[in-house]
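This report refers to the structure that appears directly beneath it.
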Ligand SMILES: NC(=O)C1=CN([C@@H]2O[C@H](COP(=O)(O)OP(=O)(O)OC[C@H]3O[C@@H](n4cnc5c(N)ncnc54)[C@H](OP(=O)(O)O)[C@@H]3O)[C@@H](O)[C@H]2O)[C@H](O)CC1
Ligand SMILES: [K+]
């Protein structure tokens, strides 16, 4: 896991590293600047580029000055620097880097108001005005300068965070900030980079390591974590040589209506592909033909009232309810039936979530450790309207803890809130996966993992990661505009094999 700290905690980690590594703070700044320049040079290798750096007088500005010097040393000859003295006092490391810069033949202009900025015709702007020290929305000269830089419509690369952007708190409405093409951020993505309201301020980000003390970072106990491949690899269990289908559990998928059988099929198929030993779909009679012709590996129980009393619930090790289920009385009956008889953690998705939103008294029947997988609209139906995603993250965290449930809030970086109060952000997935049916596949994958005896936490974390990675492998190499959910389901075994290798 990569721990995600708040700006305040990053400052603590910074100070701890300076004292205990030990390293002089100006050398830590140099290390950060070097890491920035390494990444910048990879992305923009043409040495002839004209580069304009805009620096504040805090440590973000100090980084900018060091970056200008290092770029020059790397052979970028057309570098120029503007320092904005807009009020705040300068830091010692800024002062030291200004001295170092002055000994190089790099054009330097110092301004005390935004109107002094002339026409800007450089190929690239590097934004080092303000970083994580931001403590209020920018106004006055900062706002004017930011507006000017945005209006030039040249690519802006931000140092650590775009100037004016709130890294981890709720972003105040209409707060002005730099719209950067690329943000090269130090050590870890900032929480708000992973939420939709960061776009277009943060079109793309990349985190570069600056060697902050890892033990100290862990000991801060941040609830926010970013899922990495190694985490999922450590969770996945290889199949044993003398195992059989009974070793991998039996999943029941309660899904589908005559008009929405596709959802039931996709979910059940994904469950089979993700390795459930047996998968049974609990579907209406009208869907039977479609099911049998779509995928013979899936078994069925026909959903007539008689069946309600005939299911032997204990033989199932995993269960999902919701995809394509509709929201009529039958859906309500089924949710009541399932929660009354199935005592293990289950996946609750789609229409079952909408039923849950309407009949709040059903909450208390959900077995502890169950997994809710809402998209944004379902989430707001369940928990009320939210003004932004930062609020949703906190609501998910509180509810997951209070109700002892897992909430998987689907998004570009899917958010998983756990009963322990942790919030994980998924690092796989891409916009080509934004198409109907993709959520049904995710539900199938998670329920397959549950049925194979993975803990609910493992099923959520590995499930979202594997699902996203399958989508990435299909979409990204060919830059595909869209990937189809059934293809993602089919690709899950390939991804699982690679992760287990
Ligand atoms: N650990 C790391 O990741 C490292 C980070 N480095 C870099 O340091 C910055 C953070 O530097 P800091 O000096 O703390 O802050 P800034 O440079 O972002 O801001 C400077 C001062 O600006 C003032 N401020 C805050 N908000 C506003 C605003 N809206 N308008 C105007 N001015 C504002 C504030 O001072 P006040 O006295 O006014 O409160 C800030 O202190 C980090 O982003 C990295 O780039 C290190 O180089 C390496 C380690
Ligand atoms: K910046």
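Note that Cβ sites are derived from N, Cα and C of the backbone, with glycine treated the same way.
Remember, it's a predicted structure, so these values are computed and weren't measured experimentally.
The domain 'YjeF N-terminal' annotation in TrEMBL covers 10-218.
Per TrEMBL, (6S)-NADPHX binding site is recorded for 59-63, 131-137, 160, 263, 324, 375, 440. Proximity of residue 60 (K(+) binding site) to non-local residues of its own chain (separation of 6 or more, Cβ distance below 8 Å) is seen for 128, 129, 130, 131, 132, 133, 159, 160, 163, given in sequence order. According to its DSSP assignment, residue 60 (K(+) binding site) is helical.
Around the Cβ of residue 163 (K(+) binding site), a 10 Å sphere holds 29 further Cβ atoms from the protein chains shown. In the three-state DSSP assignment, the secondary structure recorded for residue 163 (K(+) binding site) is coil. Per TrEMBL, K(+) binding site is recorded for 60, 127, 163.
Marked as domain 'YjeF C-terminal' by TrEMBL: 228-499.
What TrEMBL records for 410, 411, 412, 413, 414, 439 is AMP binding site. Taking Cβ-Cβ distances under 8 Å and a sequence gap of 6 or more within the same chain, the neighbours of residue 411 (AMP binding site) are 195, 196, 375, 376, 389.
Taking the centre of the Cβ atoms of 60, 127, 163 as the K(+) site, the nearby residues of that chain (Cβ within 8 Å, site residues left out) are 54, 55, 56, 61, 64, 128, 129, 130, 131, 158, 159, 160, 161, 162, 164, 178. The Cβ of residue 375 ((6S)-NADPHX binding site) has 17 other Cβ atoms within 10 Å, all protein chains considered. Using a 10 angstroms CA-CA radius around residue 62 ((6S)-NADPHX binding site), none of the binding-site residues in 127, 410, 412, 413, 414 qualify. Residue density at residue 127 (K(+) binding site): 30 other Cβ atoms are found within 10 A of its Cβ, drawing on all protein chains shown.
Comparing the binding-site residues 132, 135, 412 by how many other C-beta atoms lie within 10 angstroms of each C-beta, the top residue is 132.
Spacing of residue 59 ((6S)-NADPHX binding site) relative to residue 127 (K(+) binding site) is 13 Å (Cα to Cα, whole number). Under 8 Å, Cβ to Cβ, and six or more positions away along its own chain, residue 413 (AMP binding site) finds 194, 195, 425, 426, 427, 429.
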